Amino acid sequence: MSTNCRGASSRASGSTAMTMNNHQQSPVDHSDGDTASRGFGWTDGSTVELQLNSQHTLPVSRHSERTSLDLHAPASSNGGNISLPDRHGRYVEGDLETRTLYEDDQNNLVSWSGDDDPELPYNWPSWRIYTNAGVLTFLAFLIPLSSSIIAPGVPQVMEEFQNSSHELAAFVVSVFVLGSAFGPLLLSPLSEIYGRLIIYHIANVGFVAFNLACALAPSLEALIAFRFFAGFFGSCPITNGGASIADLVPPEKRGAFMAGFAVGPLLGPVIGPVIAGFLADARGWRWIFWLVVIISGLMSVVMFLVGRETYAPILLQRKVDRLKKSTGNPNLRQKLDNGLTPLGQIKRGIVRPMKLLFLSPIGLISALYLAVVYGYIYLMFSSVTEVFNQQYGITGSISGLVYLGLGIGSLIGVLVTSIVTDRAVKKSTVDGKELKPEVRLQLTPVGGLFLPAGLFIYGWTAEYHVHWIAPILGMTVMGVGNVIMFMSICLYLIDCFTIYSASALAANTVVRSIGGGLLPLAGLRMFSRLGVGWGNSLLGFIAAAMIPIPVLFLRYGEWLRKNFEVKDL
């Protein structure tokens, strides 16, 4: 990454270019200006220009070894030159003006006051951490619940609008997920520019508004369109919520919090049809959406009252703004400032998820894997009611209860994943060792086996009319596998991409939501042609063929991260 860092010094009249080489990144100050600049950028082995103006150069000599500046170490003098230390005790030598630039940067760089800084979200009072995490966790449950809640009411919808298309019937359910594929492309980058909290508020209002429109929809086409936009705005707590929890909780405690957060996207779509089955019978399909409007409206108010900004660059910028007012120093800059204008930040923020998707093998392969997993989940939501109706004669309000198999499996998967991953992280970081993200993937080979096993059990027991509990047990096994894969990969992405985890999760959500939105369209037709047994076996064979993917990540993930690092984010 090549970065222009600007700063002011009335005593200096040149520009300095230094080549810094280091294996670890050190975040420091960037800022834009017309003729003067200061700061050192990210010391990741890239070339960093220290530009004072465009016509002169400050001479800098270096030892034979290429080094990176340690901005916390003292400078020393050697005759007429000034030696600036790196972290290994070696020195980059320059003249007096170079040291002036170095010291000016140190004086104007604003960061946390220490690991115990009360403004750092890790150090917030426990009640505030749990309150913010709790609201996000409930939203992450409510919105996926809304994605599938209409499933038992679809027959009423099709009857009211006098339409018999199987594809459109499935699309009423899955179009929500398709909308959630596009929301993160805009909402997640904006959250990394303007902060997570304001984007949550905007998304919550949009979600309530379009669910209200669904409740009043005058036609099937309008209902599908409104469902799409409800999914668009509803995607925000799902993609940004994991990043917000990463802001709030240190890595060694993150597994338990993420376990609670992951319950929503996995259990919500299961609980939704259970509730809707009884509500649609009692009050009609429109009341399904009125229920969503009431609950999501209340949660929007709660978020407005208790929600706090958690994103570190925004919090540091607020600290800078306060210090500028109190000190009168306009040159103060925050540690994570990337030096871009707001427009430049928007452009980069929108492009960032696509870079993480297409330039990182980890981003791309994990997205494709979860697209299959997500597609299977929503294929189940779209077809289970019809399958149990045809095979076992289960109809009406109790048809939603068959989804509980997936729900129980999801809970088991959450408990197992959270316990195992937290223990693995603590063990791997003992004695101050650096956390390797691949630790999060230890259970993925097991999850990869559970997924096809559940599909085979569900398909063939339903095909031969074995007692109805048998296919539900198959769904339970599949639920365990789904959760293990989903949670492990999301935690892995958060640890891999850290400050840009919202964009990484957004890119992943785009691809997996396309799978969840489109695969169900082929589900009922596939089962009608192949039968429930061979139809689910086809899905199981595909899932079995993908088992080596998490194993390869476990073995070669670190190599992929180092050799395919995405620059200029």
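Cβ from N, Cα, C; glycine included.
From a predicted model like this one, the values you see are computed outputs, not experimental measurements.
Which of 84-103, 224-243 counts as transmembrane segment depends on TrEMBL, and there it is 224-243. When Cβ-Cβ distances below 8 Å are used as the criterion, the transmembrane segment (170-190) is approached by residues 146-148, 150-151, 154, 157, 199, 202-203, 220, 223-224, 227-236, 238-240, 346, 349-350, 352-353, 374, 378, 381-383, 502-503, 505-507, 509-514, 516-521, 523-524 of the same chain, each at least six residues removed from its ends. Within the same chain, residues 121, 157, 172-173, 176-177, 180, 204, 207, 211, 227, 230-231, 234-235, 237-238, 241, 244-245, 248-249, 257, 260-261, 263-273, 275-276, 285, 288-289, 291-292, 295-296, 299, 302-303, 306-308, 310, 378, 381 sit at least 6 positions outside the transmembrane segment (129-150) and bring their C-beta atoms closer than 8 Å to a C-beta of that stretch. When Cβ-Cβ distances below 8 Å are used as the criterion, the transmembrane segment (287-306) is approached by residues 131-132, 135, 138-139, 142-143, 145-146, 149-150, 153, 200-201, 204-205, 207-208, 211-212, 214-215, 275-276, 279-280 of the same chain, each at least six residues removed from its ends. Where the transmembrane segment (224-243) meets the stretches 197-218, 255-275, 356-381, 441-462, 533-554, the count of C-beta pairs under 8 angstroms peaks at 197-218.
Pairs of Cβ atoms less than 8 Å apart link the transmembrane segment (356-381) most often to 468-493, out of 197-218, 255-275, 441-462, 468-493, 533-554. The stretch in closest packing with the transmembrane segment (533-554), judged by the count of Cβ pairs under 8 Å and taken from 197-218, 255-275, 441-462, 468-493, is 441-462.
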